[in-house]
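According to TrEMBL, the features are:
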REGION    259-290  region 'Disordered'
TRANSMEM  12-35  transmembrane segment
TRANSMEM  47-67  transmembrane segment
TRANSMEM  87-108  transmembrane segment
TRANSMEM  115-139  transmembrane segment
TRANSMEM  154-172  transmembrane segment
TRANSMEM  184-204  transmembrane segment
TRANSMEM  216-236  transmembrane segment
């Protein structure tokens, strides 16, 4: 039920906000999962994970402030015009051809040794599924407003394409998770999927066309900050971080190991150490006594 409610909310977000903003903010689900699992399941959240959570929050805030504005698409007719754009058609054909090459050519050869093969398939197909979600969101808004959307063939075509795209995504994401560690697959998939969605939305909805330079730099900086946070949260998740890894002056209880030079029992410096070994020093003192 929780997953269903979350996906429904994500679906609504795509209908009312730019995909370039909604997709990167999906990183917050990773952050919330990490915090809740640490609280209720007693899973370890080390210093790297906490820093990653902070970076994800900061990057999400920056992206919200500098969010792009997509071209207004209020009906299925305008959505159909967007889908007929030559730039999007070229992008969709390139995505399909590259996915077929990855599945049938690169997959049997490198799928077991390279994490990028199956994750690239999920990311590329995922960018098309987001476009389908946007179209279905527009169709639902028209349906609730009383328009005869069910008679439009475009809505049903988008629904069929969405089911196919999601099925391919789940299939190859599970293959990647079966072969490689989750801490490797999750950050790589997030980065590639978000990048593909941003490229697709830029081509389809012209989200970056009227943005000023400040907002472009802010959006890219926020996205890279989220990527850094997700990387720290997952890549070092299984790495124990103990106080022994800290520098000596930061370790608790280590401050008294090196007393100040003004104390009476301070250690001699390296410049005042005897040149002879301890055994030679003992024999030399015996000779002096004789």
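In case you wondered, yes, glycine gets a Cβ from its N, Cα and C as well.
A TrEMBL annotation is a machine prediction, not a hand-curated record.
Small disclaimer: the values here were computed from a predicted structure and weren't measured.
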Chain residues outside the transmembrane segment (115-139) and at least six past its termini with a C-beta under 8 angstroms from it: 11-12, 14-16, 19, 23, 73-76, 79, 83, 92, 95, 98-99, 102-103, 106-107, 149, 152, 154-155, 158-159, 161-162, 165-166, 168-169, 172-173, 175-176, 179-180, 184-185, 188-189, 192-193, 195-197, 199-201, 204-205
Take the transmembrane segment (154-172) and find every residue of the same chain, 6 or more past its ends, with a Cβ under 8 Å from one of its Cβ atoms. 76, 79-80, 99, 103, 118-119, 121-122, 125-126, 128-129, 132-133, 135-136, 139
Of the stretches 12-35, 47-67, 184-204, which racks up the most C-beta pairs under 8 Å with the transmembrane segment (87-108)? 184-204
Checking 12-35, 47-67, 216-236 against the transmembrane segment (184-204) for Cβ pairs under 8 Å, the most are found for 12-35
Checking distant contacts: for the transmembrane segment (12-35), what same-chain residues at least six beyond its ends satisfy Cβ-Cβ under 8 A? 6, 45, 49, 52-53, 56-57, 59-60, 63-64, 67-70, 130-131, 133-134, 137-138, 140-141, 186, 190, 193-194, 197-198, 200-202, 205, 207-208, 219, 222-223, 226, 229-230, 233-234
Contact set, same chain, for the transmembrane segment (47-67): CB under 8 Å, 6 or more residues outside the stretch: 17-18, 20-21, 24-25, 27-28, 30-31, 34-35, 38, 214-219, 221-237, 239, 241
